[in-house]
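TrEMBL annotations:
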TRANSMEM  A:32-50  transmembrane segment
TRANSMEM  A:73-96  transmembrane segment
DOMAIN    A:73-276  domain 'ABC transmembrane type-1'
TRANSMEM  A:108-129  transmembrane segment
TRANSMEM  A:225-245  transmembrane segment
TRANSMEM  A:257-282  transmembrane segment
COMPBIAS  A:290-299  compositional bias 'Basic and acidic residues'
REGION    A:290-313  region 'Disordered'
Amino acid sequence: MSTQQAIDASPSGDASVRDVVNAHTPFRYDRLILWVALGALLANFGWIVANNENFEWPVVGRYFFDPTVMQGLYVSLGLTVVAMVLGIALGLVLAVARMSTDRLASTLSAWFIWFFRGTPLLVQLIFWYNLSTLFPVLSISIPFGPTLASWDTNSVITPMTAAIAGLALNEAAYMAEIIRGGLLSVDRGQSETAEAFGMTRARALWRVIIPQAMRSIVPPTGNQLISMIKATSLVSVIAMADLLYSVQSIYNRTFEIIPMLMVAVIWYLLITSILNVGQGYIERYYSRGDRRTGKDGPAEKPTNTTMAEEATH
Amino acid sequence: MSAPDTREPLVRARNVHKAFESLEVLKGIDLDVMPGEVVVILGPSGSGKSTFLRCINHLEAIGRGSIMVGGEQIGYRMKDGRLVRLSANAIARQRRRIGMVFQQFNLYPHMTVLQNIIEAPVGVHGESRASAVENAKRLLARVGLSEKIDSYPRQLSGGQQQRVAIARALAIRPDLMLFDEPTSALDPELVGEVLNTMRDLARQGLTMIVVTHEIGFAREAADRVVFMDDGVIVEQGTPDAVLGNPQHPRTKAFLARFL
Ligand SMILES: Nc1ncnc2c1ncn2[C@@H]1O[C@H](COP(=O)(O)OP(=O)(O)O)[C@@H](O)[C@H]1O
Ligand SMILES: [Mg+2]
């Protein structure tokens, strides 16, 4: 009863007090305490790590820009970019094939995805690398008919091509499912409208469906990219000198294992941080039609849990 | 109707049947639409009105019968005396002069109003960007939304979105316009602005097939009213005849709800 009166109180008396422009947010002491406690904890941890002789920070500093490390970083980044670009392109083809009404295309695509998601990446890499023991000669021929062209497998499958093939084909299988999920998330009415306006299916995909699907494709693709950077460290088993391989080659000589691993860890973290920032920009770009004001609104926070499958590699 | 019309109909539907699985939705529709004619299709929900519209531009394939638009059979062609199915790209070509306006507007949300309007003219019809933009500005002026040219669809009201959708359909210079309940998703006070735009188009001689529940629009703007129920055309004629003096009991029952 009394609260009701307060709300209904005469406009002349309360109006300015009730005006929400005069409202203030109560100070949250509990949050402050948590922040301070967490800050102290982190500072303390940082202090301990920084002053722990066993980390040998001077060694970390000395090798951080070492040419061998730089070369390894270059290989890791290069492999990531090439495998990711090929993986996304092939993944798009697989996703479209999987969704097409053509039974042949959708079946082939489903098998590809089943196989490359269903076997460990490490095993796939080793298979590609050892392809020559399985098939000493690669050839193009008519099935059960004459051979048109052939190559010695060892000259085609270098560690580099084995690494690219292994990473890209595996990535394509995961990207296919991410892209398919994105395409399915777009309202049916959109492709129907594009169709009604006489667009071909390819054009409708490119101009209407994919730009809208990007909103749900980008966050899990960010995950994939970060996984990929770390997955490139697997290629050290097939003698590719990536970042991890190069720091290993140094500590095998100097036995400074922990500081050299710290060099790699810091590089990996630096790269992923840059990627996170980039992802934020891309997400804002693809949500442009969503802003009611047309001005920069608060960007949506990327959700790193969008992916159904985690730890893909 | 007046003196017998000797021109070819723009749309000629013959014995059109359509079923979804075992559900028969269209059970033999015959309909001719003359160039410049405005046909309003009335009928209870679920009677197959949307399905019939969607068959006209082959968004749905029909199960039996034939539909001709502008002298071409939609989805098929004759070859050596036999009827063969057209490829997806050939069907896309047949749709180029048929505009469509949807109940849910279906604007492309990632494109501005201008981009929405010029997408098909530039991308499908090969019009130059400059001339498409000029035409888009003219069309936006016509639907009274010139100042919204750079807005995104979500920044517009429902009525404004539908008027943009109409401008978008007009931009392909259609020979035929299909409207599927263009005002049904709108707040009552926004219905008028869209109907006004459509009335203008009707006056200017555009051939239109309009599915709507707006009896007032049918009375003023239609040359012919078609009443559909349960997958068949029950009754058709001038607005005065069908709306003022319905013959069939199902038509009477349907119209009674609007009095
Ligand atoms: N894609 C579809 N699959 C199955 N049934 C459908 C589909 N589209 C429409 N229908 C059914 O066809 C009937 C007619 O639908 P519709 O043409 O939308 O009617 P109206 O537009 O007159 O309300 C309804 O019973 C509806 O459920
Ligand atoms: Mg309908």
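All residue numbers here begin at 1 and follow the chain in the order shown.
Even glycines carry a Cβ here, placed using N, Cα and C.
Note that TrEMBL annotation is computational and uncurated.
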Considering the transmembrane segment (A:108-129), which listed stretch of A:32-50, A:73-96, A:225-245, A:257-282 counts the most C-beta pairs under 8 Å: A:225-245
Cβ contacts under 8 Å made by the transmembrane segment (A:225-245) with residues that lie 6+ beyond its boundaries: 69, 71-73, 75-77, 79-80, 83-84, 87, 121-122, 125-126, 128-129, 159-160, 162-163, 166-167, 171, 264, 267-268, 271-272, 275, 311-313
Tertiary contacts of the transmembrane segment (A:32-50), as residues 6+ beyond its ends and Cβ separation under 8 Å: 57
